[in-house]
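Data first, discussion second: the structure below is written as C-alpha coordinates.
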Amino acid sequence: MLVSLILNLLTLSYSGALKYHTTDPIKFVENNYYYERQKEDVMQALAHFRHLKQEELRFVSTAASLSGLAVLGIFSWPETESTIWVARMLWHWSFMLSIFALISSAHQRLLRHLPSDKFQDFDDDKIKLALNLFLSPPVYPKLPNRNGPGQYTRQASLRMIWMWQCPVMLMSYSWVLFLVGYGLHMLKPVFHPSQAEVSKAVRHQEVLLDSIVNSSSCKQQVAIVTLSGCLVVVANFIFCASLCQIRLETPSKPAAD
(Lines of atoms letter the chains of each structure in order from A; the text may use other names.)
(Lines give C-alpha, C1' and ligand atoms only; values in the text may rest on other atoms or scores of the structure.)
Protein backbone atom coordinates (compact mmCIF):
# COMPACT_ATOMS: atom_id res chain seq x y z
CA MET A 1 0.00 0.00 0.00
CA LEU A 2 2.73 2.46 1.00
CA VAL A 3 4.92 1.49 -1.96
CA SER A 4 2.01 1.94 -4.34
CA LEU A 5 1.28 5.38 -2.88
CA ILE A 6 4.91 6.47 -3.25
CA LEU A 7 5.03 5.26 -6.86
CA ASN A 8 1.79 7.09 -7.65
CA LEU A 9 3.23 10.31 -6.23
CA LEU A 10 6.53 9.94 -8.11
CA THR A 11 4.75 9.35 -11.42
CA LEU A 12 1.94 11.84 -10.85
CA SER A 13 3.26 14.34 -13.39
CA TYR A 14 3.38 11.78 -16.22
CA SER A 15 1.11 8.95 -15.09
CA GLY A 16 -1.04 9.09 -18.22
CA ALA A 17 1.92 8.91 -20.58
CA LEU A 18 3.51 6.15 -18.50
CA LYS A 19 0.40 4.01 -18.67
CA TYR A 20 -0.42 4.65 -22.32
CA HIS A 21 3.06 4.46 -23.85
CA THR A 22 4.90 2.04 -21.55
CA THR A 23 3.14 -0.09 -18.95
CA ASP A 24 0.03 -1.03 -20.94
CA PRO A 25 1.96 -1.96 -24.14
CA ILE A 26 4.47 -3.99 -22.10
CA LYS A 27 1.55 -5.72 -20.37
CA PHE A 28 0.24 -6.56 -23.85
CA VAL A 29 3.61 -8.11 -24.70
CA GLU A 30 3.62 -9.99 -21.39
CA ASN A 31 0.25 -11.52 -22.27
CA ASN A 32 1.41 -12.53 -25.78
CA TYR A 33 4.96 -13.87 -25.49
CA TYR A 34 4.47 -17.54 -26.44
CA TYR A 35 5.60 -17.13 -30.04
CA GLU A 36 5.81 -20.87 -30.69
CA ARG A 37 2.01 -21.04 -30.71
CA GLN A 38 0.81 -17.46 -31.29
CA LYS A 39 3.46 -15.76 -33.38
CA GLU A 40 1.01 -13.33 -35.00
CA ASP A 41 -0.15 -12.05 -31.60
CA VAL A 42 3.45 -11.63 -30.47
CA MET A 43 4.31 -9.68 -33.61
CA GLN A 44 1.28 -7.45 -33.15
CA ALA A 45 2.21 -6.71 -29.53
CA LEU A 46 5.81 -5.84 -30.45
CA ALA A 47 4.79 -3.66 -33.39
CA HIS A 48 2.19 -1.90 -31.23
CA PHE A 49 4.83 -1.00 -28.66
CA ARG A 50 7.22 0.29 -31.32
CA HIS A 51 4.55 2.54 -32.80
CA LEU A 52 3.53 4.02 -29.43
CA LYS A 53 7.11 4.52 -28.25
CA GLN A 54 8.11 6.32 -31.44
CA GLU A 55 5.12 8.60 -30.97
CA GLU A 56 6.19 9.32 -27.40
CA LEU A 57 9.81 10.01 -28.33
CA ARG A 58 8.79 12.66 -30.85
CA PHE A 59 6.87 14.45 -28.11
CA VAL A 60 9.68 14.05 -25.56
CA SER A 61 12.26 15.49 -27.96
CA THR A 62 10.20 18.63 -28.50
CA ALA A 63 9.17 19.10 -24.86
CA ALA A 64 12.69 18.49 -23.48
CA SER A 65 14.18 20.93 -25.99
CA LEU A 66 11.70 23.60 -24.96
CA SER A 67 12.45 22.95 -21.29
CA GLY A 68 16.18 23.38 -21.82
CA LEU A 69 15.64 26.57 -23.81
CA ALA A 70 13.34 27.92 -21.09
CA VAL A 71 16.06 27.42 -18.47
CA LEU A 72 18.68 29.09 -20.67
CA GLY A 73 16.31 31.97 -21.26
CA ILE A 74 15.54 32.50 -17.60
CA PHE A 75 19.23 32.50 -16.68
CA SER A 76 19.67 35.45 -19.03
CA TRP A 77 17.40 37.58 -16.83
CA PRO A 78 19.51 39.96 -14.67
CA GLU A 79 17.08 39.69 -11.77
CA THR A 80 17.63 35.95 -11.42
CA GLU A 81 21.08 36.70 -10.01
CA SER A 82 19.43 37.92 -6.81
CA THR A 83 16.82 35.18 -6.54
CA ILE A 84 16.91 32.58 -3.78
CA TRP A 85 19.45 29.79 -4.17
CA VAL A 86 16.83 27.03 -4.20
CA ALA A 87 15.31 28.39 -7.40
CA ARG A 88 18.68 28.51 -9.13
CA MET A 89 19.45 24.97 -7.98
CA LEU A 90 16.13 23.69 -9.34
CA TRP A 91 16.81 25.40 -12.66
CA HIS A 92 20.23 23.72 -12.89
CA TRP A 93 18.61 20.37 -12.19
CA SER A 94 15.87 21.11 -14.73
CA PHE A 95 18.44 21.86 -17.41
CA MET A 96 20.36 18.66 -16.64
CA LEU A 97 17.17 16.59 -16.77
CA SER A 98 16.10 18.08 -20.10
CA ILE A 99 19.53 17.34 -21.60
CA PHE A 100 19.50 13.74 -20.41
CA ALA A 101 15.90 13.30 -21.52
CA LEU A 102 17.20 13.96 -25.04
CA ILE A 103 20.30 11.81 -24.57
CA SER A 104 18.34 8.95 -23.00
CA SER A 105 16.20 8.84 -26.11
CA ALA A 106 19.25 7.29 -27.76
CA HIS A 107 18.58 4.16 -25.72
CA GLN A 108 15.43 3.80 -27.74
CA ARG A 109 17.62 2.60 -30.61
CA LEU A 110 16.41 -0.74 -29.31
CA LEU A 111 13.21 -0.04 -31.24
CA ARG A 112 14.98 -1.09 -34.43
CA HIS A 113 14.99 -4.62 -33.03
CA LEU A 114 11.17 -4.61 -33.03
CA PRO A 115 8.94 -5.28 -36.05
CA SER A 116 7.28 -2.32 -37.71
CA ASP A 117 4.12 -4.35 -38.31
CA LYS A 118 2.87 -7.84 -37.56
CA PHE A 119 3.40 -9.00 -41.14
CA GLN A 120 7.14 -8.25 -41.17
CA ASP A 121 9.44 -11.21 -41.73
CA PHE A 122 10.84 -12.01 -38.27
CA ASP A 123 12.56 -15.30 -37.46
CA ASP A 124 12.51 -16.90 -34.01
CA ASP A 125 15.91 -15.50 -33.00
CA LYS A 126 14.77 -11.94 -33.69
CA ILE A 127 11.57 -12.50 -31.72
CA LYS A 128 13.55 -13.88 -28.78
CA LEU A 129 15.78 -10.81 -28.81
CA ALA A 130 12.78 -8.50 -29.03
CA LEU A 131 11.10 -10.20 -26.07
CA ASN A 132 14.29 -9.82 -24.04
CA LEU A 133 13.77 -6.07 -24.23
CA PHE A 134 10.62 -6.34 -22.12
CA LEU A 135 10.48 -9.62 -20.22
CA SER A 136 12.50 -11.50 -17.66
CA PRO A 137 14.17 -14.79 -18.72
CA PRO A 138 11.76 -17.69 -19.35
CA VAL A 139 11.11 -19.99 -16.39
CA TYR A 140 9.94 -23.57 -16.66
CA PRO A 141 7.82 -25.21 -13.94
CA LYS A 142 9.57 -27.48 -11.45
CA LEU A 143 7.33 -30.40 -12.41
CA PRO A 144 7.14 -30.67 -16.20
CA ASN A 145 4.15 -32.23 -17.89
CA ARG A 146 4.54 -35.96 -18.46
CA ASN A 147 3.18 -35.60 -21.96
CA GLY A 148 5.89 -33.15 -22.94
CA PRO A 149 7.88 -30.16 -21.77
CA GLY A 150 6.06 -27.71 -19.57
CA GLN A 151 5.03 -24.35 -20.94
CA TYR A 152 7.41 -21.70 -19.67
CA THR A 153 6.33 -18.41 -18.14
CA ARG A 154 7.73 -14.90 -18.53
CA GLN A 155 7.03 -11.69 -16.67
CA ALA A 156 7.62 -8.05 -17.43
CA SER A 157 11.05 -6.88 -16.28
CA LEU A 158 10.87 -3.94 -13.87
CA ARG A 159 14.34 -2.84 -14.99
CA MET A 160 13.24 -2.66 -18.60
CA ILE A 161 10.07 -0.79 -17.65
CA TRP A 162 12.30 1.72 -15.85
CA MET A 163 14.55 2.06 -18.90
CA TRP A 164 11.68 2.54 -21.38
CA GLN A 165 9.99 5.22 -19.27
CA CYS A 166 13.13 7.22 -18.45
CA PRO A 167 12.93 9.80 -21.29
CA VAL A 168 9.38 10.89 -20.48
CA MET A 169 10.15 10.81 -16.75
CA LEU A 170 13.19 13.06 -17.13
CA MET A 171 11.32 15.43 -19.43
CA SER A 172 8.39 15.65 -17.02
CA TYR A 173 10.60 16.27 -14.00
CA SER A 174 12.54 18.93 -15.88
CA TRP A 175 9.34 20.92 -16.41
CA VAL A 176 8.19 20.36 -12.82
CA LEU A 177 11.49 21.62 -11.40
CA PHE A 178 11.53 24.57 -13.79
CA LEU A 179 8.03 25.65 -12.79
CA VAL A 180 8.69 25.15 -9.08
CA GLY A 181 11.87 27.21 -9.38
CA TYR A 182 9.97 29.91 -11.26
CA GLY A 183 7.29 29.92 -8.58
CA LEU A 184 9.93 30.40 -5.88
CA HIS A 185 11.46 33.20 -7.94
CA MET A 186 8.08 34.94 -8.14
CA LEU A 187 7.77 34.60 -4.36
CA LYS A 188 11.16 36.23 -3.87
CA PRO A 189 9.73 39.15 -1.84
CA VAL A 190 8.40 36.61 0.66
CA PHE A 191 11.86 35.14 1.19
CA HIS A 192 13.64 38.48 0.81
CA PRO A 193 11.61 41.18 2.64
CA SER A 194 14.22 43.76 1.63
CA GLN A 195 12.75 43.63 -1.86
CA ALA A 196 9.28 44.52 -0.63
CA GLU A 197 7.96 47.53 1.27
CA VAL A 198 8.96 46.75 4.85
CA SER A 199 10.46 48.63 7.75
CA LYS A 200 14.13 49.54 7.99
CA ALA A 201 14.60 47.15 10.88
CA VAL A 202 13.44 44.22 8.79
CA ARG A 203 15.67 45.36 5.94
CA HIS A 204 18.65 45.41 8.27
CA GLN A 205 17.90 41.86 9.38
CA GLU A 206 17.67 40.83 5.74
CA VAL A 207 21.09 42.28 4.99
CA LEU A 208 22.56 40.18 7.78
CA LEU A 209 20.75 37.12 6.46
CA ASP A 210 22.06 37.71 2.95
CA SER A 211 25.60 37.94 4.27
CA ILE A 212 25.18 34.50 5.81
CA VAL A 213 23.45 32.92 2.82
CA ASN A 214 25.94 34.32 0.34
CA SER A 215 28.97 33.28 2.36
CA SER A 216 31.54 31.08 0.62
CA SER A 217 30.77 28.05 2.80
CA CYS A 218 27.06 28.28 2.01
CA LYS A 219 27.78 28.61 -1.69
CA GLN A 220 29.94 25.51 -1.54
CA GLN A 221 27.13 23.55 0.10
CA VAL A 222 24.68 24.72 -2.57
CA ALA A 223 27.14 23.66 -5.27
CA ILE A 224 27.55 20.24 -3.65
CA VAL A 225 23.77 19.68 -3.46
CA THR A 226 23.33 20.76 -7.08
CA LEU A 227 26.19 18.55 -8.27
CA SER A 228 24.86 15.58 -6.29
CA GLY A 229 21.53 15.81 -8.10
CA CYS A 230 23.32 15.96 -11.45
CA LEU A 231 25.40 12.91 -10.56
CA VAL A 232 22.23 10.93 -9.86
CA VAL A 233 21.01 11.73 -13.37
CA VAL A 234 24.35 10.67 -14.87
CA ALA A 235 24.33 7.43 -12.85
CA ASN A 236 20.83 6.66 -14.12
CA PHE A 237 21.98 7.20 -17.70
CA ILE A 238 24.92 4.82 -17.23
CA PHE A 239 22.62 2.22 -15.67
CA CYS A 240 20.17 2.37 -18.58
CA ALA A 241 22.98 2.21 -21.15
CA SER A 242 24.49 -0.85 -19.45
CA LEU A 243 21.09 -2.50 -19.21
CA CYS A 244 20.49 -2.02 -22.93
CA GLN A 245 23.83 -3.59 -23.78
CA ILE A 246 23.24 -6.57 -21.49
CA ARG A 247 19.80 -7.25 -22.92
CA LEU A 248 21.12 -7.21 -26.46
CA GLU A 249 23.93 -9.61 -25.63
CA THR A 250 22.03 -12.01 -23.35
CA PRO A 251 20.44 -14.96 -25.18
CA SER A 252 16.93 -15.96 -24.20
CA LYS A 253 17.43 -19.26 -22.41
CA PRO A 254 15.02 -20.99 -20.05
CA ALA A 255 15.97 -20.65 -16.42
CA ALA A 256 15.29 -23.10 -13.65
CA ASP A 257 12.82 -21.87 -11.07
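Placed from the backbone N, Cα and C atoms, the Cβ positions cover glycine too.
Just so you know, TrEMBL annotations never went through curation; they're auto-generated.
Here TrEMBL flags 1-17 as signal peptide.
Per TrEMBL, transmembrane segment is recorded for 59-77 (among others). Beyond the transmembrane segment (59-77), the same-chain residues lying 6 or more positions past its ends with a Cβ under 8 Å from any Cβ of the stretch are 91, 94-95, 97-99, 101-102, 105, 167-168, 170-171, 174-175, 178, 182, 185.
Taken from TrEMBL, the feature transmembrane segment applies to 83-103 (among others).
Below 8 angstroms of C-beta separation, residues 11, 13-14, 17-18, 21-23, 26, 53, 56-57, 60, 63-64, 67-68, 70-71, 74, 83-84, 86-91, 93-95, 97-98, 100-101, 104-105, 107-108, 191, 233, 236, 240, 243-244 of the same chain, each at least six residues beyond the ends of the transmembrane segment (161-184), sit close to that stretch. Per TrEMBL, transmembrane segment is recorded for 161-184 (among others).
The transmembrane segment annotation in TrEMBL covers 222-244 (among others).
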Tertiary contacts of the transmembrane segment (83-103) (same chain, 6+ residues out, Cβ under 8 Å): 60-61, 64-65, 67-68, 71-72, 74-75, 167-168, 170-171, 173-175, 177-178, 180-182, 184-185, 188, 191-192, 213, 218, 222, 225-226, 229-230, 233-234, 236-237
Residues of the parent chain within Cβ reach of the signal peptide (1-17), under 8 Å, 6 or more residues beyond its termini: 56, 168-169, 171-173, 175-176
